Amino acid sequence: MASQPNSSAKKKEEKGKNIQVVVRCRPFNLAERKASAHSIVECDPVRKEVSVRTGGLADKSSRKTYTFDMVFGASTKQIDVYRSVVCPILDEVIMGYNCTIFAYGQTGTGKTFTMEGERSPNEEYTWEEDPLAGIIPRTLHQIFEKLTDNGTEFSVKVSLLEIYNEELFDLLNPSSDVSERLQMFDDPRNKRGVIIKGLEEITVHNKDEVYQILEKGAAKRTTAATLMNAYSSRSHSVFSVTIHMKETTIDGEELVKIGKLNLVDLAGSENIGRSGAVDKRAREAGNINQSLLTLGRVITALVERTPHVPYRESKLTRILQDSLGGRTRTSIIATISPASLNLEETLSTLEYAHRAKNILNKPEVNQKLTKKALIKEYTEEIERLKRDLAAAREKNGVYISEENFRVMSGKLTVQEEQIVELIEKIGAVEEELNRVTELFMDNKNELDQCKSDLQNKTQELETTQKHLQETKLQLVKEEYITSALESTEEKLHDAASKLLNTVEETTKDVSGLHSKLDRKKAVDQHNAEAQDIFGKNLNSLFNNMEELIKDGSSKQKAMLEVHKTLFGNLLSSSVSALDTITTVALGSLTSIPENVSTHVSQIFNMILKEQSLAAESKTVLQELINVLKTDLLSSLEMILSPTVVSILKINSQLKHIFKTSLTVADKIEDQKKELDGFLSILCNNLHELQENTICSLVESQKQCGNLTEDLKTIKQTHSQELCKLMNLWTERFCALEEKCENIQKPLSSVQENIQQKSKDIVNKMTFHSQKFCADSDGFSQELRNFNQEGTKLVEESVKHSDKLNGNLEKISQETEQRCESLNTRTVYFSEQWVSSLNEREQELHNLLEVVSQCCEASSSDITEKSDGRKAAHEKQHNIFLDQMTIDEDKLIAQNLELNETIKIGLTKLNCFLEQDLKLDIPTGTTPQRKSYLYPSTLVRTEPREHLLDQLKRKQPELLMMLNCSENNKEETIPDVDVEEAVLGQYTEEPLSQEPSVDAGVDCSSIGGVPFFQHKKSHGKDKENRGINTLERSKVEETTEHLVTKSRLPLRAQINL
């Protein structure tokens, strides 16, 4: 029984695989809606059924239902069709199979849309992302994606063939001649394959090249507009993809695996009357319908398994010969229209598709070629081409006219086709003859075997009846002995049960004793192991601890010695450094007073020079005032004589003089502002000097440079006006510059000692600046007052020109008074300047004294600080020494503590060894000694002879039993009849009941049974006789097998 599934699977593989048939229904188009057509097709994708209503709208009961491998309704998308139909086939192509997918159906039902698809409006998607893309672009996209992801080395070649009016054209031909026809020949390597001479195979490297090839081929394909479809395909197209993949075996040998995929877009069948095709279009429609009709006849012949299949009646069927009934995996996509206008065409398409489901193909993997075999094949092809080329160049062959060559080649092709057809017919007849002879011989042998088996069975039945009577007598004896054995068995069972109970008690007691021994042994073993391990670990731990203590104490002693030496060196170096600092500081402090005194003497000399200059300026001003006075008197005397006109001129001149005096006053005021700014800058610089005493000498030099530049800029701005007055100021500024330059040199050494005095200098400078500003304000105010009085005088002179002579003396007196007042004020100003210079001299004396005091104080501070620093270092050294002694004490204490811990650990060890070990404590479960009660003797059955003697003594009872058995004879004899009936049923039933054999059993392995089984349905007597003999032989084989099985228990019973 276990071998039956394997044999059935093997038969199924030998039988082949059915072609996959898929039905796709398109939605309504605009023309069908305008014609008010109604839907007659219902698609059920779940149950895979298509139902067609054939009785119109009113009659809903009359319908035809077809079942297919897959069904897609009107709402199905392109991607759904691709994933369901093409993806599994594509995997088989990569595995090395040849596969074919072609669309079949009426024109305008969506075959080209399913195979090629369309581009979305405005081309907003790429080829691979376009939802309207068909099977061909999606397939090529996935081929490149899968092969690239697998990482295998591969090459892809494509070709595009067109069958138009039963002529072959290459749509990928690079030449401009589109009408060049191709020739088709049989493939010598594949009996069912064909070779198309001159067909261009283009190697593609990526998806973009494939899309360009598809566009190029679609542009060359013949299409035209009909009433059924605006872009009706007028030809069949075959798009072939050949994939060469390289594989490496375990031994390192390189193999080439070849897979081929044919994507066929058939032209649709059409009704010329409905499509409106005339002239050329009508001839095209006739050729299309003729090729599709041949395809239908081929499908019918393959389904009915006729000996001759008309592949050669059309070039389309000849190309698809291997796909229909060959070694190719084939899928058909049947497209239909849901409209009632196309009812006849829809039913025809569904009938063809449903019939094609029964076609059996035997897909085989293409033979994998080794690298050497492939190179050898290419080399032979190259040599053949070289020979042809050499013959053509040397002109050694036979040359005939082109017309004769065409006639001869046509005859050869016709003869070759006839020869192939005759060979196929002869092969079919010979195969049929061989099958019939084999069936006849098998049936004859089976009949002879059945006769011999029947004779053997009759003899066995006779001997069995003889043995039956003997067996009955033996049965009575055995029953009596069996009853005696049963009673003995009961007694033995009771004794055995008692013994078993006793054994159970003893085993429990023994197990308790053993468990006690195990506990004791476990405790002893645990204590021994724990004691041993603990002792070893503790000894190693203490040894390590002692070594660590010794190493730590030695390292700490060495560290303390290093600390002592380091701190001694540090103390000596710090004392020497302090000594050098003290000597340098004292030397610098002794040099500071000398430098200050020299600079102060220079400043005194400058002040004396300024005093002399002030005296000279005083005399010069007095002389100028006198000259001004004399000039004024002479001018007044000269003015008295002219007329009123000259007075007006003088009035204008006075106005001009007053304007100039205003400008002079403004300039003096500006000078005062600039001087205020200069003094404020100087004060700020002094404040910065006070705050930034730690800054370097470079910054102080930069500040002095800025001060010099400011003085130079002030001197340049005021050099053009008030020449005499500015000469004094320039000299004074030059003196200040020299003082600043002289003071700048010792600033680097004195700047730390004059921090306190700088505040006083700033205050004094601010006081003098305020005083100078007040004096300048008074001078400018007087000039302004003078200006106002002059203006009033001019106005009065203008108004009172008639009274000029009377007031002339008064004017002269007022001028004299003003000159005197000016003289006095100038003298007062000079005296004030001299007094300010004296005050500065006094301040410099005070500054010198303060600097000397500061130097002395700083020197004393330095010596005190150095002494304090030395004392601090000595104190720190003593502290470190004390700390080291404390550390030594701590180390000693730590060693003592470690020794104490070691002692404690030893005490704990002793405690563990004495107290912590486990002891064997009694649990009270140990069994006590006791006595067991059990039977000491066993019952035995009496010997067979004694039992038979007892049976003879009971003869009357035996006779009664025999009488009872004779009365029951009627029951025992039918039992034998039943056995004979069963045996007869196995031998006779198959001969009388032929319908018990399943007509659907796969019998292909017994020589062409499916072919004749199919013939039986057509009522041919010869085939019926053959199948009847086959059935009888098979049934007799099974009968023999069953009889042998039923005989074995009977023989065993007889032997008993």
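Heads up, the Cβ atoms here are built off N, Cα and C, so glycines get one too.
Lifted from Swiss-Prot, the feature list:
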type: BINDING; residues: Gly105, Gln106, Thr107, Gly108, Thr109, Gly110, Lys111, Thr112; note: ATP binding site
type: COILED; residues: 364-480; note: coiled coil
type: COILED; residues: 736-763; note: coiled coil
type: CROSSLNK; residues: Lys477; note: SUMO2 cross-link
type: CROSSLNK; residues: Lys1034; note: ubiquitin cross-link
type: MOD_RES; residues: Lys146; note: N6-acetyllysine
type: MOD_RES; residues: Thr458; note: phosphothreonine
type: MOD_RES; residues: Thr925; note: phosphothreonine
type: MOD_RES; residues: Thr926; note: phosphothreonine
type: MOD_RES; residues: Ser1033; note: phosphoserine
Alpha-carbon distance [the residue listed as 'N6-acetyllysine'; Gly105 (ATP binding site)] in Å
31
Lys146 (N6-acetyllysine) and Thr112 (ATP binding site), compared by Cα position, are separated in whole Å by 25
Select the most exposed residue of Lys111, Lys477, where exposure means the fewest other Cβ atoms within 10 Å, treating these as the recorded positions.
Lys477
Among all chains shown, work out which of the recorded positions Gln106, Thr107, Thr458 has the most CB atoms within 10 A of its CB.
Thr107
Among all the protein chains here, how many other CB atoms are within 10 A of the CB of Gly105 (ATP binding site)?
30
Of Gly108, Gly110 (the binding-site residues), the residue whose Cβ has the fewest other Cβ atoms within 10 Å:
Gly110
Over all shown protein chains, what is the count of other CB atoms within 10 A of the CB belonging to Lys146 (N6-acetyllysine)?
15
At the level of the C-alpha atoms, what whole-angstrom distance separates Lys477 (SUMO2 cross-link) and Thr109 (ATP binding site)?
90
How many Å lie between the Cα of Thr109 (ATP binding site) and the Cα of Thr458 (phosphothreonine)?
72
Length of the line joining the Cα atoms of Thr107 (ATP binding site) and Thr458 (phosphothreonine), in Å
73
